[in-house]
Amino acid sequence: MTRIVVIGSINMDLVTLAPRFVAPGETLIGERFLTVPGGKGANQAVAAARLGAKVAMVGAVGDDAFGTQLYDGLVAEGIDVAHVSRMDGIGSGTASITVAGGENQIVVVPAANARVMPAHVEAASRAIEQADVVLVQMEIPLASVEATLRIGKRAGVPVILNPAPAQHLPLEWLSQVRYLTPNQHELATVLNADPSSDFRDLMRRAPCPVVLTRGEEGAWYREDGEPVHQTGFKVDAVDSTGAGDTFNAALAVYLSQGLPTAVRMACATAAIAVSRLGAQGGMPRADEVERFLERHA
């Protein structure tokens, strides 16, 4: 069983289904409203757990009702929450999400996630040292991302950095990353490069291996040589929320089988997720991925 530690955000997603995206200053009648657990960190933790990994979560929730629901939800998924802190006097992180035509627009309020400090990561250092893979994103303070990279490097544990929301990062940080998993815009931002640059050129410029997601086109990956394309799986998209998180989790779970296999499994797992409503609600289990691949052999 793959042991994965996820350091990242835990949010409550406030999801509105709409016929289209609203224009500035416009009021639009929505079709449906949902309150569902989310956050890039929690999403990746849940997705990995459903694929059969042994998962520990490092993060924070507030002292509000959302915090209780989010904490209990992680426990229900079999995730180790020993390093999930309940923060007094602050609310839990939220993400206001509008879904229209299978695409989404998201506004995140970090709240308790902004208090995930390097000390929280250091407190989980033993769990990190015992992990097979570590996953971290950028909805927590950058100092905590750096602490994760440093501890992972020190322990010899591969760290997958999902640089979202993207910011320019120092090259010395990137040199500690085992796999960087951006989309094209995120990769350009991380490297402080022209976003109109060819994504393959950007992948070659990165000081670490890159697995670049391309939505329905699939993904590209590069370790030492030229970028390699893994085609996507065609599905009827319902909700793309959490697709990238599902991809990252699957990549971590299947990494022991080699990068080409892991990327293929990640593309398949993400394809299943976008065919369903909700970030965590759409995340499949390992047997569902196997059946999906049998149908798409």
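Including glycine, each Cβ sits where the backbone N, Cα and C put it.
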Given TrEMBL lists Asn11, Met12, Asp13, Gly39, Lys40, Gly41, Ala42, Asn43, Asp245 for substrate, the same-site residue among Glu129, Glu139: Glu139
Further ATP ligand in TrEMBL, beside Thr213, Arg214, Gly215, Glu216, Glu217, Gly218, Gly244, Asp245, within candidate set Asn113, Asn183: Asn183
Cα distance (Å, whole number) from Asn183 (ATP binding site) to Ala273 (K(+) binding site): 17
Site with most surrounding Cβ atoms, counting all protein chains shown within 10 Å, from the recorded positions Glu216, Asp245: Asp245
Whole-number Å value for how far Asp239 (K(+) binding site) lies from Asn183 (ATP binding site) (Cα to Cα): 18
From Lys40, Ala42, Glu139, Glu216, Gly218: binding-site residues whose CA lies within 10 A of Asp245 (active site, proton acceptor): Lys40, Ala42
